[in-house]
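Record features, source TrEMBL:
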- 1-10: compositional bias 'Low complexity' (COMPBIAS)
- 11-25: compositional bias 'Pro residues' (COMPBIAS)
- 722-813: domain 'DYW' (DOMAIN)
- 1-26: region 'Disordered' (REGION)
- 172-202: repeat 'PPR' (REPEAT)
- 203-237: repeat 'PPR' (REPEAT)
- 305-339: repeat 'PPR' (REPEAT)
- 375-405: repeat 'PPR' (REPEAT)
- 406-440: repeat 'PPR' (REPEAT)
- 507-541: repeat 'PPR' (REPEAT)
């Protein structure tokens with residue numbers, strides 16, 4: 001049988017593992033006499049002193065020049081050094097040409113194969129070892145089992161297990177520990193425990209192996225129980241390896257108390273000076289939300305490694321301290337550390353969440369310099385970063401050129417499209433993924449459902465819900481939560497509640513989605529009742545929950561309830577309000593007409609008010625026609641230099657409502673100077689698998705003539721029922737022209753199209769990109785009364801359910 005050198009381009013499949021132990025040929029001696037002039041030769045001494053591959057290549061010419069390359073001592077030493085410095089090819093050449101191959105040579109070569117080559121190559125060499133009548137030693141099986149474990153190759157690992165039994169090592173402690181490690185790393189932690197349980201004697205390494213196996217397979221509580229059992233049985237005291245294994249288990253279950261207890265043990269036993277232990281403590285504290293303590297531990301590490309730096313960067317990013325994460329990253333580069341793929345991914349996460357596109361692009365350049373451009377996990381992080389920074393075009397290009405796409409890649413791109421309003425691109429990519437037979441997971445469903453929630457088409461919502469049921473993903477708590485949110489955003493809030501009620505498990509985000517759904521639909525009492533039900537249960541409200549319930553109170557005018565929730569947020573739940581909470585409170589109080597109170601609230605804020613706070617104040621002043629306070633809010637607002645033209649339009653509309661036309665002109669001039677354009681009003685209606693788009697005054701639709709003619713008749717009917725056009729926001733034109741401008745608003749055109757093309761009694765769903773104007777709101781109420789239709793309008797802030805001449809908002813929006 002011949003064995004090609006590993007230098008060849010392909011690795012042959014391994015021969016079948018031997019089932020019997022061949023007899024050892026008596027001719028091969030294992031004790032080789034080395035003449036004194038050989039082992040005392042200067043070149044032999046140089047080999048003993050060799051410390052690098054570079055030095056070894058400098059010594060080789062001396063070996064050849066002195067004719068020593070066929071000497072057994074030099075062959076053995078060269079094989080050892082070549083394998084030590086990672087050159088398996090060179091070691092193989094020396095081994096194959098060696099005249100006398102003793103057992104230690106085979107063992108050295110097998111060890112090198114397991115560390116530097118594939119599992120198949122390692123097993124192939126093992127087969128050669130057995131074919132050439134070399135008796136395996138226990139460490140051969142240890143190396144082979146470790147290679148199988150590191151590659152999660154349980155099938156080949158079981159073959160090695162069989163060989164181990166065949167050679168009589170089944171009770172060997174080292175072998176049994178290697179088997180525990182194999183099965184644990186292959187996710188078969190039950191089998192790993194069976195091997196552990198059969199051991200007549202167990203050393204600390206055995207205990208650490210099975211504890212790490214449980215911890216790494218997500219069975220954190222069982223890992224911690226084993227640590228306690230180990231101590232109760234009086235076998236061994238945990239060492240630094242035990243500590244490093246169980247700290248991630250504490251982090252996984254969020255047990256800060258247990259983590260602190262282990263930290264105390266670390267301190268009492270003098271393990272704090274070990275970098276790997278301190279790094280594990282940093283990681284545990286950060287993942288348990290105690291990032292300040294993590295930083296204290298981190299600062300005490302004298303010789304920081306790239307792993308400890310990665311732990312701190314990830315800890316900051318994970319807890320929302322993105323600027324601090326990026327500071328550590330910059331400091332790491334300044335100190336000359338070479339970033340790893342873990343560094344890059346944590347830093348990109350911080351860039352994405354802080355919307356730091358400039359630094360994100362710098363990290364992208366660094367990725368290319370480090371040769372990580374083909375690393376799929378790194379590219380996935382780049383895709384997510386660019387999507388979060390609203391450069392979905394760059395993300396799409398990265399995705400297109402990525403080889404070896406994983407499900408995570410598809411999920412990141414679909415979600416990126418959804419988050420950036422590219423709904424059809426997200427759906428197209430999902431369909432392409434389906435055609436390629438790539439099975440979606442719960443994250444895929446969440447991404448697609450998020451896109452459809454923004455599309456707000458009930459028919460599409462039902463389609464994806466059916467898909468989730470067929471894929472058996474509808475019971476996943478995150479997918480089910482996304483479905484609840486989607487139905488609420490598609491106007492079917494009662495369907496959302498039915499789904500919510502049948503869920504076996506509800507995450508805090510599930511409660512948030514349902515409370516927010518009720519709030520945006522104007523069902524404030526239902527939102528409050530659900531929140532109170534949540535408080536009585538086991539799921540603890542978070543900051544988003546309070547934002548949702550305060551906003552729901554704002555939409556329904558429950559000022560005192562909203563104020564109370566803002567109070568208990570801090571007092572009962574120790575949650576610090578964010579700028580969004582302050583904005584919601586200003587909206588709550590201001591929308592109710594308490595403008596002076598709202599302004600006092602802003603003056604007494606403990607932090608500098610942001611755009612959303614002054615924006616809410618300006619909106620309230622526009623509703624209640626308080627120009628003086630509105631101007632004060634606008635002055636503060638524009639000091640913050642907002643890019644959004646909506647605030648300028650809001651100010652202009654406030655002036656228009658007060659008939660202050662010269663100030664309207666002034667605002668428009670300011671907008672022109674800054675290059676800010678007003679977003680044109682746009683309404684969409686879904687009909688027979690097609691979305692129809694209408695802009696104010698547009699005549700491009702194929703049915704335009706019919707729509708405008710029908711609208712004329714419709715306006716006459718609602719005027720007869722009591723509708724009076726609101727022309728306060730239009731000036732400098734005749735009365736009939738004012739009415740003409742109002743009747744061509746996009747939502748009126750969309751409603752007319754819907755009435756023309758659907759049968760009596762059909763509910764009409766309209767989506768509006770801006771806030772519904774007062775005149776359209778009034779007209780739609782009368783249309784629902786006259787035509788006996790339910791009309792659901794989703795504008796940029798909330799839903800309006802029009803039925804029998806009444807809106808669900810109670811004219812409070």
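Just so it is clear, glycine is given a Cβ too, placed from its N, Cα and C backbone atoms.
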PLDDT averaged over the residues of the repeat 'PPR' (305-339): 94
Number of helical, extended and coil residues in the repeat 'PPR' (172-202), per DSSP: 22 helix, 0 strand, 9 coil
Distant-in-sequence neighbours of the repeat 'PPR' (172-202), which means Cβ under 8 A and at least six residues beyond its ends: 138-139, 141-142, 145-146, 148-150, 152-154, 157, 161, 164, 209-210, 212-214, 216-217, 219, 235
Composition by DSSP (helix, strand, coil) of residues within the domain 'DYW' (722-813): 35 helix, 16 strand, 41 coil
Helix, strand and coil residues within the repeat 'PPR' (305-339) as assigned by DSSP: 26 helix, 0 strand, 9 coil
Structural state census, the repeat 'PPR' (203-237) (DSSP three-state): 26 helix, 0 strand, 9 coil
Summary of DSSP states over the repeat 'PPR' (375-405), given as helix, strand and coil counts: 23 helix, 0 strand, 8 coil
